[in-house]
Amino acid sequence: MPGDQILTVAQVREAEQALIDAGSSIDALMQIAGRGAADWIWRMAGRHKVTVLCGPGNNGGDGYVIAEAIRERGGHVVVVAAAQPGTDAAKNARKAFASEVLGPDADVSGHVFVDCLFGSGLTRPLTHDHAELVKRLAATHHRAVAVDLPSGVQSDSGMLLNDDLPRYDFTIALGAWKFAHFLMPAAARVGELRLVPIGIEPVEGAARTVVRPRVHEPPADAHKYTRGLLAVVAGKMPGAAILASMAARGAGAGYVRLFADRMDNVPVDVVVDTGILSEVLSDDRNRAILVGPGLGRDGEARERLAIALADPVTAVVDADALVLLTPRGLAERAASTIATPHEGELVALERAFDLDGSGTRPERALALARASGMVIVAKGPDTVIAAPDGRLACARSATSWLSTAGTGDVLAGVIASRAASGVPAFEAACEGVWLHGSAARLCPPAFTASALAERIPAALAACL
Ligand SMILES: NC(=O)C1=CN([C@@H]2O[C@H](COP(=O)(O)OP(=O)(O)OC[C@H]3O[C@@H](n4cnc5c(N)ncnc54)[C@H](OP(=O)(O)O)[C@@H]3O)[C@@H](O)[C@H]2O)[C@@H](O)CC1
Ligand SMILES: Nc1ncnc2c1ncn2[C@@H]1O[C@H](COP(=O)(O)OP(=O)(O)O)[C@@H](O)[C@H]1O
Ligand SMILES: [K+]
């Protein structure tokens, strides 16, 4: 899968050790990382004053390298040391910084505050003094930049170990992305993200970022069925299924057929079938099925879900269907299943599959994927996608304007459409999440779910 890798602290340490075993050194890596970060900070600050806050570990070491790189270019830089450097590499970087270092009580202000207090080595909350120092410096500078991670953020979970930590304009990740760059609540504080590569090799089994998919124009001899027939099963509230169908129409499938009892006011390009569900689904031209949006939770809904899951094509299961889903209902599945739970539905599924819901969001999504055999799209401001075989992907929030009714139906429709187009389940989920986020960015503020659905083809256009 394409996309940059996202590493846990343990994976970073192992990867770093591999580089050292191959002949590099921490000092050399710190130079690459620090100077790479300094390039970004230089662009932001120019000749305005930069204050670098350095901690005791290698994150602090990066700070001295950054400060020295800016000083060498003729920039105006001040270092505040919150503690004396404790690692050999940080001590060396401190020695190489050819200017004055101020103590934590110094009264400084300036244009850019660079937080190099703690990075991935943070093991406990910041002390009161450290937390106050970070807040004070963020308040006395126009812009705040976190190096690798904002201090006080737990790298693997995205949890904030202190209250009231500052919001950063920019976070410069070193070597690889960390989960905290994508997971809430940290993701809301990191600002714009940049990555400075330091030569870390691909790590087996690493999570990946969700990136723009590559989509091809249909072949010259394509017709609607070769492009993919998607069956959308409606229920009690047909509006949600119509919305999903409209989104699906724009995401690549050649034919979207909506199964419903009776339906009025359906857009002309959505075909409604009012026949018998098992017969509609027995059409062997069906490539994927979507069930759940507006399905309801009564006996009839249960029956429709059972019929849908008996169909041997990729199924996207969303909304009400997630609440009705049981391990037994999946036992006979002969094709891939993609579930798209929000947090509440995720908890319901965890209960249904006898999971305790412990761990970080990616760990929870993976545990559920493994236990259920489904691809899990744990959606929210920090959407995580997990496959039963252990693949994991994280998406950066596109815009919080997505927090409006019906956008989940649009997501389900887009993912189902990608699956109907022949894209394998995990990739279809990642592509759907990307297209959904990209369409949201193309919308004006306060958009509606149907406006979002209308922007899906424009998002797709950017992938050709
Ligand atoms: N990976 C790479 O390839 C590269 C990584 N690089 C950089 O290294 C960074 C990781 O460095 P790091 O491991 O030294 O951790 P860092 O965050 O600086 O300090 C943690 C130290 O402080 C301590 N400590 C922890 N929490 C504390 C607290 N609340 N209050 C007080 N003390 C606390 C803790 O020691 P402890 O007291 O727990 O024994 C630990 O020693 C990484 O983020 C990146 O910037 C680049 O330089 C080069 C390439
Ligand atoms: N604050 C947010 N920031 C970014 N995306 C969000 C936010 N809130 C919701 N979303 C996205 O919007 C969609 C909401 O889906 P869902 O909760 O199922 O809503 P609905 O049931 O109304 O369709 C998901 O794709 C989710 O990732
Ligand atoms: K930091």
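Cβ coordinates are placed from backbone N, Cα and C, and glycine is handled just like the others.
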- Of the candidates G406, G408, G413, the one that TrEMBL places in the AMP site of K379, G380, P381, D382, T383: G408
- Query: Of D21, D27, D107, D115, which one shares the K(+) site with N59, S151 in TrEMBL?
  - Reply: D115
- Cβ neighbour count (10 Å, all chains) around N59 (K(+) binding site) is 28
- For the binding-site residues G380, P381, G408, the one whose C-beta sees the most other C-beta atoms within 10 angstroms: G408
- Length of the line joining the Cα atoms of S151 (K(+) binding site) and D382 (AMP binding site), in Å: 20
- Task: Work through the binding-site residues one by one (D115, D148, D382) and point out the residue whose CB has the fewest other CB atoms within 10 angstroms.
- Result: D382
- Quick note, D382 (AMP binding site) and D148 ((6S)-NADPHX binding site): C-alpha atoms separated, nearest Å, by 19
- Message: Which binding-site residues from the set N59, D115, S151, G408 have a C-beta atom lying less than 6 Å away from ligand 3?
- Response: N59, D115, S151
